[in-house]
């Protein structure tokens, strides 16, 4: 088990990267704020986890290694995309390292695994990506905040787009697992037209030729798909190669800055729904994108942007309480206030600690330097709250 | 389903099968001739894809990238043989499985350190761009036809090598009667090295050929490896002919299952459960096929080793 040692080594690297003193010195300073940052750094989805981590670290760098005036100490925890591993490592961070906040988490199944251990320890859990519906509704917690979105909203945004464009028949292609079926439900919640057909593929699918032939035979007005990571890389390239690109490609989590380097030209013009895009025009975002590229040499995706916001949120909350983390109710009120300037522009928390924010239709475009990014085309949903907020009974006290 | 669609799906199945054959051929040779379970065969396929993508980007030419990926994959295979596998030939299968699984973990992470976690791309060469309209609305990519052709050519080459040359004779003899071959004064180590190097190169070739179609990323070799094992078990371990037939069977079964099952089940079920159950059963089909073949012919369709 490499857990503790890996954690320490990453901690060293993080502290050094943030220009902090060596960790043993930092630990001697009793006032350091400790963050357990959970992300996936091994396996095929590591590209997303790296984005999540780098976004948070850029936030800290902009804050000069401090959160709300107190030095910050970040323990990066690799969840390996295995719920049992995540729970073991997060428990260790809570009990041995006494972290003040647990932040991060790319995937919903990992969040669901660490949710109870963290919130039952009366420690704040701040998701910068995963936003499963149960925690937005009945399962909401006074110790949980999502800086990202509720999964359903992104898929529903695409449903709205298909509705707005007047598509009558849409073909749906998703992986055959819970998140895939949620994507279908989210899309259908706002799309009123006919579903030409639905195809479900295993998560290990390599070759989409059978499904592409079915799409061609069905001749839909548009395709809706949710194919995260490598699945999306394969699908996008094969879709283009099969000459289907004239059928509008409506997607969620399929073409973004984490996969575009591999999709390149094949994804040009494909559509995607998101809470953020690199070209959103506000001062905070321009600085984030410019410095992120200069620092890490690649274009940030939503994962990085949400994590950056997560760092800014923590900073604002700790500043508001004057650095006092003992009074949990005061920390909660400070987090709820969300007094920071988001790279998304419009941002506030709803009563269930999920954001009320705008959702954008984005299109893959080639930049002047030849690299590819998603660009916001139009705002689809304005100040949108998730559909589960009404079910949440927040038990504070 | 129309006849046209069925034809296209059958072509898709053949093409997928041929790609599987390129991976499985090396695996079955190594397993059959050397009695060595090489789980790391999948990462050798991955390395081939990475070498192809990197070299194509560096030279600006797909063809040079593909050509140079072969010696690079060969070199990587030989390095693995010298450093790791050589010490495992005398051990039992469990030790081989453990050690080569370790190589998978090591190389998947190594690739991420060297190339980063984000997937790479390898462009389709201009000569093979575009498609042929086999049915209305669908362009069948020329590149996929090229994969089909390359796979069939490789199968032919292998047949000539194994069935018509002296080295091939030794390989066949080594697969069936290794002790006698050694007793006749053949340097079995050298034969092993030759077979292994060839297998590594085939896996690398498959990876480089697949790179323009599939995502080049850490861990990309794991799924083909499992299917390749299914193929060699169905075909009979050590048999090239068996691997060829089984690859095509698995490719066709998988593709046609995915294409037709949801529609078939709709005859008995409501549309929504039919789609999901169809997808689930389709992904099981190749394993059901394997179980069925093993029940009837426990040594596979074309067993190489008699008795």
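Counting starts with 1 at the first residue shown.
Glycine is treated like the rest: Cβ placed from N, Cα and C.
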According to TrEMBL, transmembrane segment applies to one of these ranges: B:121-141, B:142-162. Which one is it? B:142-162
Could you check if the transmembrane segment (B:36-56) is in contact with the transmembrane segment (B:191-214), meaning 3+ Cβ pairs under 8 Å among residue pairs at least 6 apart in sequence? yes
Going through B:6-29, B:62-85, B:142-162, B:277-296 one by one, which has the most CB pairs that fall under 8 Å from the transmembrane segment (B:191-214)? B:62-85
Using a Cβ distance cut-off of under 8 Å, indicate which of B:97-118, B:142-162, B:226-256, B:277-296 has the most pairs with the transmembrane segment (B:6-29). B:226-256
